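Under the heading transmembrane segment, TrEMBL lists B:7-27, B:47-69, B:90-114, B:120-139.
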Amino acid sequence: MTGLTPLFAESLFPNGITHYALGGLLIGLGTAIIYLGTGIIAGASTFLESTLSYVSDLPRFNKVKYVTSRNWRVVFTLSIVAGAALYTVTLGDGWWVSSVQPWRFAVGGVLVGIGTRIGKGCTSGHGVCGVGSRSRTSFVNVATFMLVAIGVAQLLSALGVSP
Amino acid sequence: MSDEERGLGFVLLVVVGGLIFGFGLGVSNMARPEVVLDFLQFDDFGLVFVMGGAAVVTGVVFALAETFGNRAPLTGRDYGRRLKSFDKNVVVGGVIFGAGWGISGICPGAAYASLGVGNYPILVAIGGMFVGAYLQGLWRARRADHAARSTSAD
């Protein structure tokens, strides 16, 4: 029995869990700090709509809540980019470029953009903030996108699409 | 139009929060689409600890602030939780989002962070997200327009 547990853990978590858990805590901490100071629960995807209000006249993007938050959402997003860059040049192991095929980014990106706006949130909005709020709506959204994403990724993998 | 820019303190806090958020995405390797795809293909379940770890922190902080906190110092807002109304869009959106996440291994926050680790091809995904959000807004506007016209014709 003593030999089974580590073997089991190794197959589920071939890269360990420390950096995953630590990264998760920091992601939560970043959200929590902004919340404690401002009362604002900042998800990552509202940036898409609020930024579109700079260039589009569509009323949909020019709601008061987008126009009044668009500036700090740009600051938030740029800070996320900077935070990841800071990690890369300190603890990280250098700059890194994905080898996932570009068409997957293009098609996936469009669907993510549509889906997050229809579904009222993304992995940070529903997955971190909504689940942290014990919101039933968010649990349903997360369970839905998890199951579909697993199915789609496994299907592509089975069809030989890699990476 | 700058109701929510309450001075330097507000902006600095957003910067600090964003930096920590992005740093965490770097530490967790979620800025690498390959690692997300490894999770979705059941090769490495580490993502559970990322989302779980983050949700535990927000869960505890939201609950404590809501119970013991009064108003947020920088905005005067009440502390509340993120509770969005449920309708079929929550499921429809989840299905479309999930398909996109499964195809690309990338979501909005992780995409911004991915740019920060040097992964410039992710600009294709970020561009795609803007296109998707714009198409959704356009479609919503058309539908609202159509509905208004058919109502006035009655």
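Glycine is treated like the rest: Cβ placed from N, Cα and C.
The transmembrane segment (B:7-27) makes contact with the transmembrane segment (B:90-114), as judged by at least three Cβ pairs under 8 Å among residues 6 or more apart in sequence. The list of residues near the transmembrane segment (B:90-114) in space but at least 6 beyond its ends in sequence, with Cβ under 8 angstroms from a Cβ of it, reads 21-22, 25-26, 30-37, 40, 84, 122, 125-126, 129, 132.
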